[in-house]
Amino acid sequence: MAASGSFPLLVEGSWGPDPPKNLINKLQVYFQSRKKSGGGECEVVPEPGNPARFRVLFSPEDVRQNVLERGNHELVWQEKGTFKLTVLMPTDPEEASASKKSRKESPEEESKTKEDAVKQGDLDITHSPSSGSEKTEDVPKECENISSMVAFENLPEKVSEMVLTILVENISGLPSDDFKVEVNRDFAVAVVTFQKPIDIKKFIVDCISHRSNQQLQLAPRLLETTNVVRVENLPPGVDEYQLQLFFENPFNGGGRVARVECFPEESSALVEFCDSKVLDTVMAKTHSYNKMPLSVFPYYPSLGTALYGEEKPLIKLPASFQESLDLPLWKFFQKNNHLIEEINNEMRCCHCELTWSEINGKLTIRPAATLVNHRLSIKTWQRDASAVLSGIKSKYGVELFEVCSPVWDIIKHELESGDDRVLVEFEKESLNIAGKSEDVQGMSQKIRELIESTTEKLRREEQSLKEKVAISPGKHYLLHHSGFLKDLSKGFPEMEISYDATAQFLYLKGFRADVYKVKCDIQEKVFSMAQKDVQVSSEVFEFLQQVDSQRLSKSLFEAQNILAIYELKGTALFLVGSSFKDLAEAETKMLSALSHKQIEVEDKEVLISNGWKKKVHPLQKRHSSCATIIVQNELTSETPAKVIVTGCVKEVNEIHRQLFEYLENNMKVERALKIKPSLIVDYLRTDKRLLSKIKKAHVYVHFKPKDNPNSILLTGCKSKVLECMNLVKEIQDSVCVQRFQTDKAGVRHFFKDKESYYKTEIGRQFGCVIELEEDREEKGEEEDGEEEEGEEEGESSINEQKCHLQRDIAPGVKLFVLEEDLSRFPVDVVVNAANENLKHISGLAQALSKAAGPELQTECDQIVKEGGVVLPGNAVISKAGKLPCHHVIHAVGPRWKGDKVLECVSLLKKVVRQSLSLAEEHRCRSIAMPAVSAGIFDFPLELCVANIVSAIKEHFQHKRDTHTLKKIYLVGLPAKVARAFAEAVKTTYKDSLSHTAFPSSLKALVPLGKTPQKQGSLLVSPEGLRIRLVEEGVQNATTHAIVNSISPDLKLNKGPLSQAFLEKAGPKLQEELTRSGQGVSVDVGTILQTSGCNLNSRHVFHVVPPPWKSNNSAWSLKIMKNIIRDCLKTTENLSLQSIAFPAIGTGNLRFPKPEFAKLIISEVLKFSSRNQLKTLQEVQFLLHPKDHENIQAFSDEFDKRNNGDPSDKNPKAEDTQGIYGSLSSPTLGMHEMNIGPILFQVATGNIIKEVADVIVNSTTLTFDLKSGVSKAILEGAGQNVEQECSLLAKQSNHGYIVTGGGLLQCKNIIHVVGGNDVKKSVSCVLEECEQRNYSSICLPAIGTGNAQQDPNVVAKAIIDAIEEFVQKKSVQAVKRVKVVIFQPHILQFFYDNMKEREGSPAPPKQSPAKQSVMSKIASFLGFPKQASPKKNTLVLEKKIEHTVFQVCGSGVDSVNKTISWLKELITKEQLSYTNDDECVSDFDMEEYEKLNEIQKELNITIEMNQKKTSIQVSGISRDVIKARDEIEGMIKSIRLAKEKESQADYISTYVEWQYIDKNITQCFDKMTNMKLEVAWKAKKKDTVVQIHNQDFTVDLSTNTATAPQGQTFTVQRLVKAEAEIPANWSDMKQDKLLLVNLQTSDPEYNMVASAFRQTCSNFFIEKIERIQNPALWRRYQAYKKSMDEKNGNVRNEKHLFHGTEASSLPQLNSNGFNRSYAGKNATAYGKGTYFAVKASYSACDTYSRPDTNGRKYMYYVRVLTGNYTNGNASLIVPPSRDPQNAADLYDTVTDNDKNPSIFVVFYDNQTYPEYLITFRQ
């Protein structure tokens, strides 16, 4: 009910009958929110009796009205979702209007109002159909103490709780919220508890009389008030007394207990109180006993159960139990799952669940979940379940029988075939039967009878005997057909005789005496039979394997009364006869009656055609027992198929005839006709007459098949194909083929672009075909294009084979590894793996013999007859018979013997070498070789192929004469052999050099004046002895001999080296060494020899090395030399090929490792040079992989000798005899020689990639040259080196500075001035390095770049400096000086100088004074100074492109016409372009590289003309045009750069921009200086420049340079004194150019006119203008100032004339005579600008060309002529004045230095066009 002053609303929602928790709070918040609901202050309470409805009490009425007026209300609950709310006014009008009174009523009045409301409600209850108290308004007072519970007994199952609830509602008139119903199905009772007072008695009466109850037959009664409770969930062990105490405790709400009854199995008890009122207090409390919660419920004895209300009763199910089944019965059930399922279903009826054990007869019974609903059955459940299970078991039975094993073995087969209704099991002589009782009884009788009968049978059999006799089926056949077995059966009728053909046994069974008698008779008969091994062909043998031997024997022998049969045992054929006579007759009959024939089939498709099947099948069916037809078609695709007919002679002949005839008529064949050159194939393709004839013959022709492109493939019937082949050959012989070659650039490319068109046009006009001949390497042809027929065929076949590998193994010699059949391989000679008797009966030999025909075996037999057997390791040669080769070499390899490995390897190598030698003796060019000895001779494959390849390598390395063999084919089948060959070749030739480095071209070792060959860690002496460094243990050495280090007591267990030998070789090595040392005085230097025992080496040389004595090293060295020399000598005497030396003496004997390495290599080389070696081929230095010190020492020594420093001692510095060593060229582009102790090297390359202590940079006086090599060095070294240069350049120096190495691979960089004396600069470098203790120097060709010095002079100066350095002092540090040259042509100058001095002594030294006197005398006598040779121009890579065409036609005339047409076409496509611009001479490294790149990319050739300083491009027109554009772009860039540099020079004369770095003023370079000045004059705010290779932004208003990182420098502008503007110039008013027209009265006018008229008086002067160009004037004055300072008192300036045309005037007025104007009209005296002394020279029309108005123009020019000399057309700059100083040049050149009339100027700013004369005729 609402509180005072409230206005209620009812709220329902979509939450259902069970509202969620905290819903009231959510509703409270919602209805208090004006925004959400329109509400305000309120209170939410649940609606009494209806938990799903709530009442909201508002204070103001208008708030409630607002809520009602809002249409939709939704409560959004994030966790629960959104609930739809329904808001209603209360149905009670009084309650709804209660608010009108509420504001004035007191609490007492409110109470009164409530009572009135109740009363009013009571009055109205009879009128309200919805009222819940319709029949309870008059509750008698006597009913107030009566129980409010009614029990409905006899409750049917169909009456649900809902039905009962409706019934109670209908009878009582109360809603379901006013009473509770509890149904207990176990007791068929329901209890109704009323929440409100009601007349119970009347209700019971109404129930009984109600019509519904009459149908339901309920028995309602008043449920008494109880004083008993049921306590559940009792802890174990609680008894009645403890419970009595517990419930009498007042704290538990209890009272006096009358009685306690416990039920332990249910963990429950009944407690009866003396007073029933105690139940209210007990039930109101929560109870726990020993911390275990107790459940307490009222118990009604009349019902026999407690009432649990909303709680569920705690029901404890009984425990499970087990039953046992007889094991047989359990197994029976396991086999019949359906019976288990039936039993399970039957037991479920008594609430049981069964679990059947899987391992024994146990059965577990558990209560089912349904038992919970049948509490009355719980107590008797186990007893009931056991009874049901016993009833089920009684339906099944088990029977046991005692049976012995023998009986069971007999009867089990009968029992196993029975049905599955019973289980029959035998175990431990007991037979068990289980199943249903009736089935078991039926089976028991049968088994009992079976056991009795079987037992009796066994008893009888014990008295009998069974024997077996081993007889083959054939002999049994003879016994049977001879009637022998039939007679035995008649004589012994009770005996059982049987034969098992599979086991090949005859079984006898009967009485003991009879069996023994018959067995003896049979054995005697079998032993009397005759037997013989008969040899037949493999085909006949295979036929006999396929047919039934008895049936065939019967058909062969029975008709002739021959009692015989044949038998097959493994691979042997045996004839068995009843007698020797029968045997002889049978053999004769078999050999004559059986035969085989075969047909080779090339067309395998015919064998799978329907026609073939129709032909073969009838024949096979008709003659199935007499003949077989076998098709061998499972071989490789290259091998023809074979049809083999085998069987009886008559049938074989008939079948062969028919099949051969069919195949000849239906078989298609292919024939490839080799055509050379392949161009003829293209010609034949166009021959329509030929194609027509081939088509008529029904032959298909395929030109240039993929697998054989140089051939024609004909396919068709065999006879027709052969006819067409002859036809093709006739045409091939009649055609004409010619080759045409041209070296013009791009011909190949332009022809390929339109190849199809050109070929079509040539065919149309001349009837010829043309082919662009590809490179020889691409076609795989020899260079001369002519090969012998055999080689051609071999090469052709390569394309058809699986080529695993191809390798060049010697100059002009190729090695191939193929997977191929040797019997079909076309080469000059084939190697056959033969046996000693040359009998080719198996393997490869048999295949070759078969393919060659009988003549091969005949010739081999004759060879053996005449010369005896061929011993292993030897080879003989024979003809090839029908093989596709000229010869066959029969190589007899060794048979593998594991205990004689070295001997086998030696013999194998020997036979390979002999085979190669035989091939070359017979002038063979190609040879095919198999894996000799790897087949039936059992040689391990990997070892075999490795030694074959090794022998081939040795053959070509050591045989120096010309080889006829050009191709070696290593052929292997199957593929694994070819793969093994390929791996062996890769391993053996992995360190191979190019052709130029093969032994035939090897150079000698440096100490002998030559250079050794280098192959990894390999040296080769001049005599061919290989010296190899091998990192491997001595145990793995494979040399013929090996050296061991031992102590004088000969004990091998001392020292790690000898221990390693002993461990591998075994104790026998120690025994041999001890025997070898007997009677010998063993001391230092002693050498003892033994075999290798288990080592891979044949011999071991045991040496006693000397200890190292530092105070007497000469003694140690002498003994070690003798040891090495004696070991080498012994190896040669024993005819051994190789020896290995470990690092003997370098361990415990402390021999210095570097000293030993140097000593032993030197001794081996000396031995090689002083002895003519016959067998020794290789010396190995064997070093353990972990012996790093020795490896390093030997590696260093090898590197020294490979790098050209092999001398054992450096010559002394003071030794002037032979100071220059021999000149050698160890690698392409490198020359070297020793100058005293210094190794001097010259090579082309990139200096910044060199590794040295010092790198030399050739630069300018300011040490900031940024072009050419100097630029590369500075950029490579990095910014720090550049900064260091700029700082050191400002300090005093001696013509060079030393900086750090920066990022280059050196310690320091020495910067020298390239324009200075080169010899002096190099001397300074040498002295500096010697003082710094540096050993290696790397320098460029100083002065040949920017300084433009003569390369020949530079080369001479560098070598002179080194010579002088060596002579004047003892050199200690410097060991190597290397000159790295960028321009390849300069290398020749150095080579010529070195070659000139090779092996010569140094010239005698002259004192400087003497030199000076001599030069003065020469000058006094008038000898001219030696003229300086011209500077060499840039040399490009020479590009040579040869293009070869082949033309084929029907005759010579048509071919010649085609070639002429082609030549004309090439000429039309070619274009030539020449540029002789002076800027070509300024091409630098970058332009050189770009030109080479252009030449490579385009189809052109570029040539530089050094004399004319021009560049010429030739090639295809479009590519020449592209190249022209590129070159002109390069020239333009250079010209612009020069102009820019000239402008920068000019600006630097009057202004200098500087920055301050660490209080030091630094000047910007001239280009940056110009950039800043231009920006400053343009009044720009800022500009970006570089300082220390980093971008800085210069603010021109604050003069501050700032880097992106914030670093700043102060910048300042310093103005120098500018050249003054002439005083007579007119005011220009800020104009940059002004032309002032002079008046005729001006002195200037008269001065110019007078000079002009001296030689041009016949011309009329229209006007003379003064040209005022301040910028041009200042540059000119700056140049003049520089020249005046340089030349001293020489008059440097002249006024000269220059005629020009009108179009050039604006350019000349603005920019003067710069280089773009040079050579425009003349080049007779150099490529410059020409000026005349006389005006008449310039006035001619050639120079001053008249314009359209007839006006001519001439400048009167100020020219700085300075020092001049005679010029020539080749000059692009003035020549040098001083040969010793190439940088000192003349200023100008003239036509006559005595009386000049013309001057040629080469530089910008050297002239100023002061006056312009306009004149006419």
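Heads up, the Cβ atoms here are built off N, Cα and C, so glycines get one too.
Keep in mind it's a predicted model, so treat the numbers as computed, not measured.
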Where Swiss-Prot shows Asn835, Ser933, Ala934, Gly935, Ile936, Phe937 binding glycoprotein 1, which of Leu844, Leu848 is named for the same site?
Leu844
How does the model score the domain 'Macro 1' (802-989) in terms of mean pLDDT?
87
Kindly assign Ser1045 (glycoprotein 2 binding site) to one of the three DSSP-derived states: helix, strand or coil.
strand
Among the binding-site residues listed here (Val1034, Ala1060), identify the one with the smallest other-Cβ count within 10 Å.
Ala1060
Could you work out which of the recorded positions (Ser33, Ser1045, Ser1058, Thr1146) has its C-beta surrounded by the smallest number of other C-beta atoms within 10 A?
Ser33
Excluding its own, the Cβ atoms lying within 10 Å of the Cβ of Asp1187 (glycoprotein 2 binding site) add up to 17
Round to a whole number and give the Cα-to-Cα distance in Å for the pair Val1034 (glycoprotein 2 binding site) and Ser33 (phosphoserine).
102
Let's check the environment of Glu1189 (glycoprotein 2 binding site): how many other CB atoms sit within 10 Å of its CB?
12
Long-range same-chain neighbours of Asn1148 (glycoprotein 2 binding site), Cβ under 8 Å, sequence gap at least 6?
Gly1055
Roughly how many Å lie between the Cα atoms of Ser1058 (glycoprotein 2 binding site) and Ser33 (phosphoserine), rounded to a whole value?
106
Treating G and I as helix alongside H, and B as strand alongside E, what does DSSP give for the domain 'WWE' (1539-1617) in helix, strand and coil?
24 helix, 34 strand, 21 coil
State the Cα to Cα distance, in Å, between Glu1189 (glycoprotein 2 binding site) and Ser33 (phosphoserine), rounded to an integer.
95
